[in-house]
Amino acid sequence: MTSIPSAAPSWRRMQIPRPLQRLFDHFPLRTYEANELPERPQHLTSSDLPTLYVFSTDSDARLGLPSFNPGCLKWQTLLRLANIDFRTLPSTNHSSPTGSLPFLLPPRTSPTTSPPPVPASSLLSFARRHRSQQQQQQQQDKNFSNLDHLDDADLPPRAQAYLALISHSLRNAWLCALYLDPARAALLRRLYVDQASSSRAVRAALLYQLRRAAAEQVATTSPGSGLGSGADGVDGVDEEAVYRSAGQALDALASLLRESGTAWFFGAQRPGPFDAALFSYTHLMVEYMSEDEDGNRDGSGEDKGRRVPLGRMVKEAGNGELARHRESMLGVAWPEWDGYRR
């Protein structure tokens, strides 16, 4: 019996030049499966706890201290508010399978199977699933009996306008103060640059990229700002307008909290996503950008300069509502931390 030849690949039925056909005959096109996660995170996530990857130092991550990155700190705080036990490990955007931090790896269920990473946008969904598996134990916890208080859908409609103050005004001020202010160059290098490489050339390139990216983001979201003519575009940012907008935003948020009548926003009895979003900036501003006893910006010994430190702006907003809110958040989310990094 004559065997039936297999169907030719679709590209063979196309009229292509003979040299290309010979090339495809020798090197056929092939689609490879997605790369697995590196062995290091697979090995380190073999415990029973989920692992959250954030911007952090090795020592801070080992102790579970707050991340120095606002985006990571927000989700780190929300997982703690959800009463989820997890570990933290330091990472970078380049090392993240999702392209950005934070991301979470659930515990491995078998030595040969790697769980898919959970991006930040799905962390609350993961928390709900994780908590449902521990329903019986969590019912005994009066403070965190459910996750309804962490649902964005429960926020009042006007909350979106106030969230914009956090995601635009406070974020731009943070970017200006940390990335664009020469007086804080040492702090920027310590947090994001020095840990990435020991090569001077790599550090210089990374520092330029960070400053350029920050200037672009501020320029696109801050009225009156634009990229300057300099190599990193920093000289086109209207920093005075950025800090003025941040001060107005802090006063508005302090007034909103004062109207709440509780320790949390919108009359809530427990902290929620809005509280975590604000805390992720106010905490870091107070920790890293308050004057020390000698009047220096961040304890680095550099001149204070003419700009008001953001930490002092947080403390002076309203009648101190935001400073007290930060302390309350620390008491709820990090009750075991004494407030000092070692």
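Glycine too: its Cβ is placed from the backbone N, Cα and C atoms.
According to TrEMBL, the compositional bias 'Pro residues' annotation covers 104-119. Summarising the annotation, TrEMBL assigns domain 'Thioredoxin-like fold' to 70-183. Taken from TrEMBL, the feature domain 'Metaxin glutathione S-transferase' applies to 248-290. The region 'Disordered' annotation in TrEMBL covers 91-151.
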Just to confirm my parser: what is the rounded mean pLDDT across the domain 'Thioredoxin-like fold' (70-183)?
81
In the domain 'Metaxin glutathione S-transferase' (248-290), how many residues does DSSP call helix, how many strand, and how many coil?
32 helix, 0 strand, 11 coil
Residue counts (helix, strand, coil, in that order) that DSSP gives for the compositional bias 'Pro residues' (104-119):
0 helix, 6 strand, 10 coil
